[in-house]
């Protein structure tokens, strides 16, 4: 396995990995990956375009949905070049600084997505528990402030994480276990003491996804309590139906994220393809599924998309 420690490698260069044991099939594996990337990018771009151009969708719920689509697009773009570069061109080398930049944006958009899902839970709580004050609570200015807070929070938490990696020295194998740079993966290659890095990484995930998931759960406890106070069964059903898309989006985001964190910390003896498989699910499934979920479950989005398609059809 000479390429693992190639003499041309330097301390500032890493080697990315495709699917371990299936290198011979990378060209074939790239086909479903291309389909997933195209679906995610086109679906989220469509949602974003429809929300911004359709006046009837200029409401808090859809502004938050456009934020979710923006983070999904960012997450796809952050990994697209290296993933397809490996499958198509076997372009595995990545410089240390490029690796840190990619890692920063992958984790930034992940933390942002978690924050946006929390904001969407708050939106559903206000809409169901206090509908008369909904428009006065979630004003355009407040939504903009929430969006700015989402970006600021992720940046403030991640900047020290990246700076702490820059102080490490790397004298072992330079082979990463994913098709992109992931913080625990990079950290494991260091021959320095990484206790501070590990503690800070764990603190970062707990203070973002961990805290957000608890508040999302709390929001739904309050939502259920509010719905149960509604006398009409039809109104209860209608109230619950507005939450289905969000609950599904939360599930497809948090389950792979938690699974990947557990595999990296406790799955040292798992087969090498398991972290790779979970990592790719974690990065691609939410961006692919979110536009589909909201297009299928939200009638207003359906109508806006059909209106857009029909208007394009008449122009043709």
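A Cβ is built for glycine as well, from the same backbone N, Cα and C atoms used for every other residue.
Automated prediction, rather than curation, is the source of TrEMBL annotations.
Remember, it's a predicted structure, so these values are computed and weren't measured experimentally.
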TrEMBL annotation of transmembrane segment - which of the ranges 54-72, 73-91 it falls on: 73-91
Annotated transmembrane segment segment (source TrEMBL; candidates 3-22, 103-122): 103-122
Segment assigned the feature transmembrane segment in TrEMBL (from 172-195, 244-267): 244-267
Per Cβ pairs under 8 Å, the stretch of 73-91, 143-165, 199-223, 244-267, 273-293 packing most closely against the transmembrane segment (103-122): 143-165
Integer mean pLDDT for the domain 'G-protein coupled receptors family 1 profile' (43-294): 88
Residue numbers, six or more beyond the limits of the transmembrane segment (244-267), whose CB comes under 8 Å of its CB atoms: 68, 110, 113-114, 117, 120-121, 124, 182, 184-185, 205, 209, 213, 216, 220, 274-275, 278-279, 281-282, 285-286, 289-290, 293-294, 297-298
Winner by Cβ pairs under 8 Å against the transmembrane segment (273-293), considering only 27-52, 73-91, 199-223: 27-52
Intrachain residues whose Cβ lies under 8 Å of the transmembrane segment (199-223), provided they are six or more past its termini: 107, 110-111, 114-115, 117-118, 121-122, 124-125, 128-129, 153-154, 157-158, 160-161, 164, 183-184, 187, 239, 243, 247, 250, 254, 257-258, 261
